[in-house]
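Summarising the annotation, Swiss-Prot assigns active site, cysteine persulfide intermediate to CYS456 and lists sequence analysis as the type of evidence. For LEU183, ILE184, LYS265, GLY287, GLN296, the entry in Swiss-Prot reads ATP binding site. Feature annotation from Swiss-Prot assigns disulfide bond to CYS344-CYS456; the stated evidence is sequence analysis. Swiss-Prot lists 61-165 with the feature domain 'THUMP', giving sequence analysis as the kind of evidence. Residues annotated as domain 'Rhodanese' in Swiss-Prot: 404-483.
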Amino acid sequence: MKFIVKLFPEIMIKSETVRKRFAKILTSNIRNILQKYDEETAVVRHWDYIEVRSKNEENREELIALLQRIPGIHHFLEVEEKPFTDLHHIFELTLADVAQQLQGKTFCVRVKRKGKHKFSSIEAERYIGGGLNQHIESAKVRLKNPDVTVRIDIEDDKMMLVKARHAGIGGYPIGTQEDVLSLISGGFDSGVSSYMLIRRGSRVHYCFFNLGGVAHEIGVKQMAYHIWQRYSASHKVRFIAINFEGVVGEILEKVDNGQMGVVLKRMMVRAASKVAQRFNIEAIVTGEALGQVSSQTLTNLRLIDEAADALVLRPLITHDKEQIIAMAKEIGTDDIAKSMPEFCGVISKNPTIKAVREKIVTEEGYFNFEILESAVQNAKYLDIRQIAEETEKEVVEVEAISVLSENEVILDIRSPEETDENPFKSDTHEVIQMPFYKLSSQFGSLDQSKNYVLYCERGVMSKLQALYLKENGFSNVRVFAKKIH
């Protein structure tokens with residue numbers, strides 16, 4: 001099994017030195033991700049593409065899914081490589097492979113060639129296409145908009161028949177740009193803005209300001225872990241949680257109602273700047289979009305930026321909500337975001353849309369900044385991979401089992417895509433599919449006389465959700481420790 005990975009076009013037009021560096025980093029990223037899943041995967045860098053090989057055909061679908069989510073890959077070709085002796089031999093190999101596929105279809109042949117041969121790419125296309133047309137009676141040649149395009153790459157004495165072409169997410173490889181710190185709230189905007197910086201080549205660390213207790217923190221951890229696992233697992237990143245309840249309480253008590261929103265955001269960027277300085281991070285990322293809420297006017301954004309000691313990046317600044325939600329659906333964070341409450345917007349009943357610097361400074365003069373300093377000093381710093389380990393400690397009262405009792409129902413909390421791909425089947429027990437992001441709103445409607453065993457692929461989400469349900473008074477939950485294949 002072989003894949004030919006093509007780099008993002010913006011990489012290819014850079015100078016030779018920069019292109020080599022980017023390609024080298026992308027090769028390393030691909031290797032880091034694929035070899036966690038398949039240790040025998042080989043990743044080799046060439047001048048204008050990266051070659052991925054695996055002997056384990058059963059891993060094909062998973063390798064394709066992983067490659068589709070690695071930043072820096074424009075597209076990749078799934079190919080079958082064979083040696084050949086001459087042009088007629090290429091035709092014979094192609095005929096044997098595509099004869100069944102071309103029955104009753106229109107087709108054309110496209111050839112890309114490298115090395116010294118007695119024929120050109122166009123001559124190869126004509127010869128192979130003509131031969132296929134003669135030998136497959138029900139097939140017809142059509143050069144424009146054919147049903148099937150037969151793609152062949154020829155390099156020296158080997159031909160590669162392209163079996164499929166898969167799109168990547170493009171962008172730059174992670175590590176080609178500097179690190180950033182994303183202020184993640186668990187909503188639509190912060191998840192998408194984090195992804196956009198990942199796609200642009202930055203390693204994204206996450207800073208979360210907890211305004212809503214344990215349940216809020218668990219939800220945000222789910223989103224950060226989801227984004228990291230899907231799009232940036234080639235790199236270690238940090239998750240920083242800062243308890244901001246004291247800061248919010250001080251603002252509610254001391255600050256004029258209309259100025260609360262801007263003051264809260266200024267406190268957040270101050271705290272984030274201190275965290276960024278600690279790790280030599282030059283920029284913080286927010287999900288703000290111009291005019292979306294009252295604090296996001298140009299005047300207010302400028303005043304918020306003045307409180308920051310780091311560059312503030314706003315990748316969504318010109319996006320509307322529909323675009324942001326559509327992007328959230330693409331990256332798989334929309335359902336998590338739907339279940340997330342928005343705390344920042346509710347602390348001020350009549351927020352100002354055009355804050356005045358002097359008034360903001362006056363209001364902040366009433367604020368006890370020792371509370372902010374204390375919140376930053378007591379922040380929790382995690383390697384994002386520790387979310388799973390932390391869950392082990394936090395969910396000590398939730399039993400993990402591998403054998404089911406009679407009165408237990410399996411609650412498959414994976415996403416619909418995962419359950420469609422690899423459904424959980426049981427001949428002896430009822431299986432209910434309820435994605436983890438719907439548990440908070442729908443678990444209570446289940447028959448509470450039964451016991452529920454939560455299942456997910458790696459056990460992280462099931463444990464986080466078990467903790468959430470326990471926090472909310474549900475004692476009839478356990479975690480299924482067994483994996484399905």
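Note that Cβ sites are derived from N, Cα and C of the backbone, with glycine treated the same way.
On the structure: features taken from Swiss-Prot.
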residue : record                                        : contacts (Cβ under 8 Å, 6+ apart)
LEU183  : ATP binding site                              : SER190, CYS207, PHE208, PHE209, MET268, VAL269, ALA272, ILE284, VAL285, THR286, GLY287
ILE184  : ATP binding site                              : SER190, GLY191, SER194, TYR206, CYS207, PHE208, VAL220, MET223, ALA224
GLN296  : ATP binding site                              : GLU288, ALA289, LEU290
CYS456  : active site, cysteine persulfide intermediate : ASP412, ILE413, ARG414, PHE436, SER462
For the ATP binding site, please report the maximum Cα-Cα distance among LEU183, ILE184, LYS265, GLY287, GLN296 in Å.
16
Around the Cβ of LYS265 (ATP binding site), other Cβ atoms within 10 Å, all chains included, total 23
Model confidence for the domain 'Rhodanese' (404-483), as mean pLDDT, reads 82
Across the domain 'THUMP' (61-165), what are the DSSP residue counts per state (helix, strand, coil)?
34 helix, 38 strand, 33 coil
What are the DSSP helix, strand and coil residue counts for the domain 'Rhodanese' (404-483)?
28 helix, 17 strand, 35 coil
What does DSSP call LYS265 (ATP binding site) in the simple three-state scheme?
helix
